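Worksheet: the structure to be examined is printed underneath.
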Amino acid sequence: MNLHEYQAKSLFAEYGLPVSEGFACDTAQEAVEAAGRIGGNLWVVKCQVHAGGRGKAGGVKVTGDKEEIRAFAEHWLGKNLVTYQTDEKGQPVAKILVESCTDIANELYLGAVVDRATRRVVFMASTEGGVEIEKVAEETPELIHKAIIDPLTGPQPYQARDLGFKLGLNPTQMKQFTKIFMGLATMFVDHDFALLEINPLVITTEGNLHCLDGKIGIDGNALFRQAKIKAMHDPSQDDAREAHAAMFELNYVALDGNVGCMVNGAGLAMGTMDIVNLHGGKPANFLDVGGGATKERVAEAFKIILSDSNVKAVLVNIFGGIVRCDMIAEGIIGAVKEVGVKVPVVVRLEGTNAELGREVLAKSGLDIIAANSLTDAAEQVVKAAEGK
C-alpha cells in the first residue's frame, strides 16, 4: 500500500522532521484559500497521485498568482495524470497539495528499503537528489552510500554522521541530518514501511535541511496492526482488477501481454510466466488462486483475467497437492460456463487425481485444450494467442 505525498509529510511532521506548511485540497477554491492561509507570495501546487515524474508531466507548478493556483486545480482535479511511472491511462487526481515555496541551494537523496540480500532495513543517501535514483544506481552506483540497520541495536547516530560526511554536510547540517535519519528509521519500523524516499532532501539557501518530497510504501501484510495507516488508503489509485482480486483473496498483478495465466501457488505462477516467455508468449498477468481454488474463486479469476481486452488465450496451470485435480476441473468447467469464456483455454493438471481431472475436462463438451505437460501447455497457449 502506498501513501500520497501529503500523507507522508504528515507522518514526517509527527516525528519532528522539517516539512513545508501545506494543505491537501479537494476543490479549486480550497486551493486558493490554502495559499492565503499559508501566506507569503510564492507557492507550490502538486497533483497527488501514487507515481513519480509528476513535474515532467505538468503535475507540479510554482506560482505567485492565486488565480494560477485556481486554474491549475480546475485543470487537474477529476482528471488523470500520466507519467513515466503510470500506464497510458494515468492515475486519477482527487487532491491538490498547496505548499509554501522553499528556496533551494542543493538537492540530496535519502531513502530506505527492506533489503532482501542483507535481510535488513538499508538506508541509502546520495548527493544526486531530485533525479531518478534508479538511473543513478545504474550509471554511477558509487554515488549511492548505504547504512545497514541492525535490528538488535536499531539505528545509531554514528551511521547518520557517516552518511552525512559522505554527503559533504557541515556540522550544523550534520546535526539536522542525524535527527532526520533517526526519525525516519524509527518511523520505518513503527509503521511497517517497505519503502521510504525523500527525493529531494534539500539544503535551503539558509543552509538548513528540508524534506521537500515524501514517498512511502507500506508492507500490506502488516496493515492488520496499522489501523491509522490503513485508513489512509486511497482505493482510486489501485488497479481496478487488482482491487477486485483482493476482495476474493486472489493475488493478481496486471501486466501488458496477451496470455492470461491462472495458477495455484506463487512459485508455480512465476514459473508459468517464465515458460510462456520462453516459448515466445507474453503473460498478461500474474494470478495465484491459492490452495483453496474453489469454483467461485476460479470463476472470479476468469472474470478478472478476461476483463483485460488484450487477453487472447488463457493458461490454467494447477498442481493438485492440497486440492484434487478432478474438483479443480469441475470448477473450471463451471466457471467457463458461468463466465462465457470466448478465448481459447489451455489447462494443465498435475498431481492428485490429475488423470481423472483430464477425463472430466474431456467429457465436458467445452472447447478446453488439455495439455500433457507444462511445456506442452506453454506451446499450446502461445499458438492459441497468436490465432494459430
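Each residue's number is its place along the chain shown, starting with 1.
Cβ coordinates are placed from backbone N, Cα and C, and glycine is handled just like the others.
Cβ neighbour count for Glu99 (ATP binding site) (all protein chains, 10 Å cutoff from its Cβ): 23. Per Swiss-Prot, the feature ATP binding site maps to Lys46, Gly53, Arg54, Gly55, Glu99, Thr102, Glu107; the stated evidence is sequence analysis.
Counting every protein chain shown, 23 other Cβ atoms lie within 10 Å of the Cβ of Asn199 (Mg(2+) binding site). In the three-state DSSP scheme, Asn199 (Mg(2+) binding site) is classed as strand. Per Swiss-Prot, Mg(2+) binding site is recorded for Asn199, Asp213.
Summarising the annotation, Swiss-Prot assigns substrate binding site to Asn264, Gly321, Ile322, Val323. For Val323 (substrate binding site), the Cβ neighbour count at a 10 Å cut-off comes to 21, with all displayed protein chains included.
The average per-residue pLDDT of the prediction over the domain 'ATP-grasp' (9-244) is 95, rounded to a whole number. The feature domain 'ATP-grasp' is assigned by Swiss-Prot to 9-244.
The maximal spread of the substrate binding site, taken as the longest Cα to Cα distance among Asn264, Gly321, Ile322, Val323, is 10 Å. Put plainly, the binding-site residues Lys46, Arg54 were compared by Cβ crowding within 10 Å, and the winner is Lys46. Here the Cα atom of Glu99 (ATP binding site) is found 11 Å from that of Asp213 (Mg(2+) binding site). The least crowded of the binding-site residues Glu107, Asp213, judged by other CB atoms within 10 A of its own CB, is Glu107. The record assigns Lys46, Gly53, Arg54, Gly55, Glu99, Thr102, Glu107 to the ATP site; their largest pairwise CA distance measures 19 Å. A gap of 45 Å separates the Cα atoms of Val323 (substrate binding site) and Gly53 (ATP binding site).
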